[in-house]
Amino acid sequence: MLKTISPLISPELLKVLAEMGHGDEIIFSDAHFPAHSMGPQVIRADGLKVSDLLRAIIPLFELDSYAPPLVMMAAVEGDSLDPTVEARYRDALSLQTPCPEIVRIDRYAFYERAQKAFAIVITGECAKYGNILLKKGVTP
């Protein structure tokens, strides 16, 4: 047992976070995301909300300061976003100061980034457009 590490962070996720280098990306996805067909390592976090995992990992994870470190999927034409999803994520990420802006990219651009990600953490999140990409930075 390690002190000050949230019990929400599985040993597998902790290992992946430690193995990632600066510039590597990790996806925290909703339960509907096609993670297993994307290619990178998939970590299961069934039953957990993305916002809870973000809150747990952000004290351990330095976000990139040279490129946008937070990326979410934009709504498909004719669809709409639920603003409370981004608000929950921003609240969870607020432990990182200053908290960078969240950039939105189109669905297929997000899928391309996911295929190149270091890992995808598939959660129990059911919110529409509930996926977020984090780019790891260099510790100061």
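Any Cβ shown, glycine's included, is placed from N, Cα and C.
According to Swiss-Prot:
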- HIS22: active site, proton donor (ACT_SITE)
- ASP30, ARG107, TYR129, GLY130, ASN131: substrate binding site (BINDING)
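Projection of Swiss-Prot feature records onto the structure.
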residue	record	contacts (Cβ under 8 Å, 6+ apart)
HIS22	active site, proton donor	ASP64, LYS136, GLY137, VAL138
ASP30	substrate binding site	VAL50, THR123, GLU125, CYS126, ALA127, LYS128, TYR129, GLY130, ASN131
ARG107	substrate binding site	MET73, ALA74, VAL76
**OP:** Compute the centroid of the Cβ atoms of ASP30, ARG107, TYR129, GLY130, ASN131, then list the same-chain residues not in that set whose Cβ lies within 8 Å of it, in sequence order, for the substrate site.
**Re:** SER29, HIS32, PHE33, MET72, MET73, PHE110, ALA127, LYS128, ILE132
